[in-house]
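In what follows, a structure is listed as structure tokens, so that the remarks can point back to it.
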Ligand SMILES: [Zn+2]
Ligand SMILES: [Zn+2]
């Protein structure tokens, strides 16, 4: 029986997902040789969230994260998140995928199906959206927005099924090769690794209210266990989007170090302009001596995976989740300690890459506060993959 990983990632990406020995850890492997500087693949994010301060300033496209020149932006009239767009295409896509449901008072249902619902739900929707956007503004968080957009995108796909072939309607993102069973966003998300995080009930309620006030019934979309799991996946897998060297004016988070949002980026989360979820790149493991790096050289959230050195077919691809360079004011040992603490806090593992092992000195490291690797996969997924259950993918 052909499984999910026969069709995912698509062949055109030049990589495949393989399992490592005993631990059954999923890794990304090159399917051909590459020279240093080669682009291995380009990947669009499933969902993105602009950093909160940039969202408020209205300087970047809310959909592709492009910097917009003054006066060139498309600014929708009633958008509670203060979203602006670089193009009509970005506006249409964003609206259809999630923005309409989350941050406007327009009907979340296809034309002809609303039957007065949106005028009835208006006051509650307005209030719920205000609470959520105020929260995002005051905390500067992006992970709750990534989650809301992920849920909204899946809901929008469901409602679009009522009226197929609608112009401007949305379809599942093409993430698997032709001939595959009907894998959808939920199938991709289900397989991602996660860590245990402190999922806040207040955030769950806000998202639930935004969804439930728009479409009665949706308030049950996000029970507590699902919320914790989804936030753990976002925490583990989100990438920092950073182009042209990134920025140095990102507001410093006032959250406790253990509650700060961290994204995978070798440039440092403090240089990013936003975060995104990339389902293929999510399989890249960390190394302090990586052979690939994410690049955003198109000046958008499109991720280009670039080879940092020559790579042979069959090699595992690794990236640096954090800034692994040695800063001018650091010794090698201090740099080692800094990156290992960041990895332990953000991704809950003790790095055992060859550089970490060879850089080790007599100096005591101190307790990193994590086990060897605390990330995990959903129990249902590991059961299916070890052949203990015969669950078929969603084909409806
Ligand atoms: Zn755009
Ligand atoms: Zn390391």
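The backbone N, Cα and C atoms fix where each Cβ goes, glycine too.
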Problem set entry | Annotated range (TrEMBL: region 'Disordered') out of 247-269, 270-292, 293-315, 316-338 | 247-269
Exercise. Using DSSP, what's the helix, strand and coil tally for the compositional bias 'Basic and acidic residues' (247-264)?
Worked result: 3 helix, 1 strand, 14 coil
